[in-house]
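**Student:** Provided herewith is a single structure, encoded as structure tokens, for subsequent inquiry.
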Amino acid sequence: MGKTADLTVVQKTTIDTLHKEGKKQKGQFARTVPPRAVTNCALHLFHGIPIRFQRSEDMAGVFAYESSEVDWCEDNYRHSDNVVEYFNTMSSFIFFLISPIMLYLLHPYARERNLAVHLVWLMMVFVGLFSMYFHMTLSFMGQMLDELSILWVLALGYSLWFPRKHFPSFIKDRKSFSRMVLAVTLVTTLSSFVKPTANAYVLNCFALHILYSLCVEMRSCTDQRVLRLAKMSVGLWALAISCWISDRFGCSFWQKLNFCYLHGIWHILIVVATAYGSTLIAYLDASFEIPYSLPGLQYWPKDDWVLGLPYIVLKGTTKTRKGC
Ligand SMILES: CCCCCCCC/C=C\CCCCCCCC(=O)N[C@@H](CO)[C@H](O)/C=C/CCCCCCCCCCCCC
Ligand SMILES: [Ca+2]
Ligand SMILES: [Zn+2]
């Protein structure tokens with residue numbers, strides 16, 4: 001069978017009908033299988049007339065619009081015929097704004113500690129890209145790329161920053177710990193195809209574990225700047241996850257209010273929470289692993305801004321560092 005064997009030109013009215021037929025129950029994970037003609041098509045514009053290239057191979061189905069079992073609360077195709085969830089897609093742009101700034105701000109710390117730190121925010125650019133692709137298409141491939149990229153950023157974060165004192169007893173050093181994280185991540189990546197609807201919940205469990213580890217670390221901390229950063233990180237995460245849960249489970253309520261944008265707001269809040277949380281974790285790591293560099297916390301663009309981006313300054317001079 002040819003890849004684009006069936007090229008079907010469909011009038012706009014027919015497309016709209018197909019969209020409606022193919023639309024799933026909003027805010028639900030359960031799949032209501034849309035007609036094949038709808039799911040296995042990619043929508044294009046040809047001389048202003050929408051046309052659909054129907055794909056014959058099953059593999060191509062994973063790229064098909066709305067082939068994911070997940071459909072967020074925002075109305076599909078409300079603002080564009082090519083973008084399924086417009087606001088959710090556009091809000092993912094925040095990844096491209098915050099990531100380069102964080103890359104720049106964390107450079108002095110990364111140079112001193114490990115240049116691999118830069119990979120975190122480099123990979124966040126891909127998380128943003130995949131998130132845009134997912135919400136633009138609601139395709140199964142988009143969902144897997146979105147979720148697996150988050151999993152690999154988390155894995156990198158654990159390898160770089162998980163406190164040595166909490167390593168399992170059979171782990172000798174950070175290198176062996178990273179190998180263990182890599183093995184767990186590979187197994188999790190493969191298992192994520194078994195029940196894709198469970199992936200997002202597994203990822204949120206990692207977030208809970210990070211939160212728990214932070215609370216343990218903070219119990220003995222008296223530094224007001226560090227405590228403030230911890231409170232802000234947890235507060236932003238709590239706001240973000242409330243939006244995610246509310247969009248997932250409270251969609252009918254938000255539809256009545258005609259406000260279906262909570263998932264987009266989650267994107268914005270979780271990126272800022274990650275900037276705050278990861279800087280806090282990196283600061284705790286620096287205090288333990290490179291104490292001679294005298295790490296401190298500051299905010300960009302101005303230190304007294306309530307919602308500035310946090311970063312690590314190293315107050316130890318090169319001389320001091322060499323001496324230690
Ligand atoms: C010692 C461990 C250090 C870990 C450092 C933190 C590394 C940051 C890791 C991940 C970044 C999160 C990026 C979120 C992208 C959101 C994309 C998205 O919206 N995807 C949804 C579908 O569109 C999907 O349903 C979401 C699934 C849940 C994702 C859970 C992410 C966990 C985020 C952990 C953030 C830590 C913040 C710490 C605050 C104290
Ligand atoms: Ca939707
Ligand atoms: Zn999303």
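In case you wondered, yes, glycine gets a Cβ from its N, Cα and C as well.
Sharing the feature lines straight out of TrEMBL:
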type     : residues                          : note
BINDING  : ASP71, TRP72, GLU74, ASN76, GLU85 : Ca(2+) binding site
TRANSMEM : 86-106                            : transmembrane segment
TRANSMEM : 115-136                           : transmembrane segment
BINDING  : HIS135, HIS263, HIS267            : Zn(2+) binding site
TRANSMEM : 148-164                           : transmembrane segment
TRANSMEM : 176-194                           : transmembrane segment
TRANSMEM : 265-284                           : transmembrane segment
**Student:** With the transmembrane segment (176-194) as the reference, find which of 86-106, 115-136, 148-164, 265-284 contributes the most Cβ pairs under 8 Å.
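**Tutor:** Selected stretch: 148-164, with the most Cβ pairs under 8 Å.
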**Student:** Translate the DSSP assignment of HIS263 (Zn(2+) binding site) into the three-state scheme.
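**Tutor:** The residue in question, HIS263 (Zn(2+) binding site), is helix (DSSP, three-state).
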**Student:** If one looks at the chain holding HIS135 (Zn(2+) binding site), which residues at least 6 apart in sequence have a CB under 8 angstroms from its CB?
**Tutor:** TRP72, VAL83, VAL84, GLU85, ASN88, THR89, SER92, GLY142
**Student:** Taking only the binding-site residues ASN76, HIS135, HIS263, which have a CB closer than 6 angstroms to any atom that belongs to ligand 2?
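**Tutor:** The binding-site residues passing the 6 Å Cβ test are ASN76.
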**Student:** Let me spell it out: for each of the binding-site residues (HIS263, HIS267), count the other Cβ atoms within 10 Å of that residue's Cβ, using every protein chain shown. Which one has the most?
**Tutor:** HIS267
**Student:** What is the total of other Cβ atoms whose distance to the Cβ of GLU74 (Ca(2+) binding site) is within 10 Å?
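**Tutor:** GLU74 (Ca(2+) binding site): 26 neighbouring Cβ atoms within 10 Å.
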**Student:** Rank 86-106, 148-164, 265-284 by Cβ pairs under 8 Å to the transmembrane segment (115-136) and hand me the top one.
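**Tutor:** Answer is 86-106, with the largest number of Cβ pairs below 8 Å.
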**Student:** Quick check on the binding-site residues ASP71, GLU85: which one has the highest count of other Cβ atoms within 10 Å of its Cβ?
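**Tutor:** Compared across ASP71, GLU85, the most Cβ atoms within 10 Å surround GLU85.
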**Student:** Hey, would you say the transmembrane segment (148-164) packs against the transmembrane segment (86-106), going by three or more CB pairs under 8 A that are 6+ residues apart?
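**Tutor:** Answer no, regions not in contact.
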**Student:** C-alpha of ASP71 (Ca(2+) binding site) to C-alpha of HIS263 (Zn(2+) binding site): distance in Å?
**Tutor:** 11
**Student:** Would you mind listing the long-range same-chain contacts of the transmembrane segment (265-284), meaning Cβ under 8 Å and 6+ residues beyond its ends?
**Tutor:** 88, 91-92, 94-95, 98, 102, 106, 109, 113, 117, 120, 124, 128, 131, 157, 161, 163, 210, 214, 217, 226, 229-230, 232-233, 236-237, 239-241, 243-244, 247, 295, 297, 307, 309-312
**Student:** Let's check the environment of TRP72 (Ca(2+) binding site): how many other CB atoms sit within 10 Å of its CB?
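**Tutor:** Result for TRP72 (Ca(2+) binding site): 25 other Cβ atoms within 10 Å.
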**Student:** Specify the secondary structure state of ASP71 (Ca(2+) binding site) as given by DSSP, simplified to three classes.
**Tutor:** coil
**Student:** For GLU85 (Ca(2+) binding site), what is the secondary structure by DSSP, using just helix, strand and coil?
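**Tutor:** SS state of GLU85 (Ca(2+) binding site) = coil.
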**Student:** Mind giving me a neighbour count for ASN76 (Ca(2+) binding site)? Other Cβ atoms within 10 Å of its Cβ, every protein chain shown.
**Tutor:** 19
